[in-house]
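To keep things clear, I will list the structure first and then write my remarks on it.
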Amino acid sequence: MLISFNKPPFTGNEEKYILESIKSSKISGEGEFTLKCHKWFEEKLQCKKAFLTPSCTHALEMAAILLDIKEGDEVIIPSYTFVSTANAFVLRGAKIVFVDIRPDTMNIDEAKIEEAITSKTKVIVPVHYAGVACAMDTIMDIAKKYNLFVVEDAAQGMMSSYKGKALGTIGHLGAFSFHETKNYTSAGEGGLLIINDKNFIQRAEIIREKGTNRSQFFRGMVDKYSWVDLGSSYLMNDVSAAYLWGNLEKANEINQNRLNSWQKYYDGLKELENRGFIELPKIPDGCVQNAHMFYIKVKDLEERSVLLEYLKGNDIYAVFHYVPLHSAEAGLKFSRFSGKDIYTTKESERLIRLPMYYGLENKDIKHIVDVIYKFFGA
Ligand SMILES: *Cc1c(COP(=O)(O)O)cnc(C)c1O
């Protein structure tokens, strides 16, 4: 009996909606299901505008274009993140300035952002790791004080909130992922750009339509459409949106199911934490999380390698991720680390993600927990 690390969320209606989309004969961007999803996000998350994109990577690229990032601009991000958080801005010529993380949440340490700011700084990109919010009050205060933009990388944060506000809706822009490893998926690959500052809406419509004013044309606002700005193809096809709609209409059920699994792990492993063998995730006050992942931290890199092998030997597929970007080959070229790397490397080497997906069975969680106790001889 093999326990996989991830299974793409599938609730049952996705096939039906995909067929409906195909039969509608409008399967490119801005079809029926795309518009349904946009409306769902705008109401559910309470944002000014939502645009589905082919991936979160594309949503971040759109954000970098919208903010007019140019050669020499600096962008502050944590080094403990996925490459796209950095690449989207590097593509526009920006220099990445990494800031250390907090060991409790693995999120950017808000207390170390201010010292990383220079006259070239343009944007702060907080990454809500594991769907647990960064300290957004402090980050927004700093952004205001220095006149910076904030783009939330909320790739993992759908259905999470910070002091009552949905993640992705607090900064100027927010980006989400619907990759098959995330809590909701649009048939494998997909993303979303959220616009909270309404001054960006009109230009976003143009950028995603290859730099044309096609959207205004379809609304009858101009009598022909033409090339008016920079742009690319940042639309999700409607068949993918149809799959996503199947996930979204069961969003609460998926969320609750994952939270139940998360709690089962937490309760099961608490005793091991109490006895000093491992550390469990911390959820700060004011953060409502979405159980995107369940991770544990062990002593060090060596113990992690042995435990991962041990789990694999028991047919349990656990993983680690994110080799810090500042120590990667491209990181050396495009970035600098502000201050000292106290926690980024050390904490990233201790972390293991346990299997987590919609529909993970309680008996499997119990088995995983038992195997971990056995590993520690506890
Ligand atoms: C998954 C992820 C991305 C990239 O998402 P894609 O949809 O695969 O492009 C970016 N940032 C973070 C933090 C992620 O977890």
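Every residue, even glycine, has its Cβ placed from backbone N, Cα and C.
Automated prediction, rather than curation, is the source of TrEMBL annotations.
As recorded in TrEMBL, the features of this protein are as follows:
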{"type": "ACT_SITE", "residues": "K182", "note": "active site, proton acceptor"}
{"type": "MOD_RES", "residues": "K182", "note": "N6-(pyridoxal phosphate)lysine"}
> In sequence order, which residues at least six apart in the same chain have a CB under 8 Å from the CB of the residue listed as 'active site, proton acceptor'?
Replying inline: A155, Q156, M158, F176, H292
> In DSSP terms, helix, strand or coil for K182 (active site, proton acceptor)?
Replying inline: coil
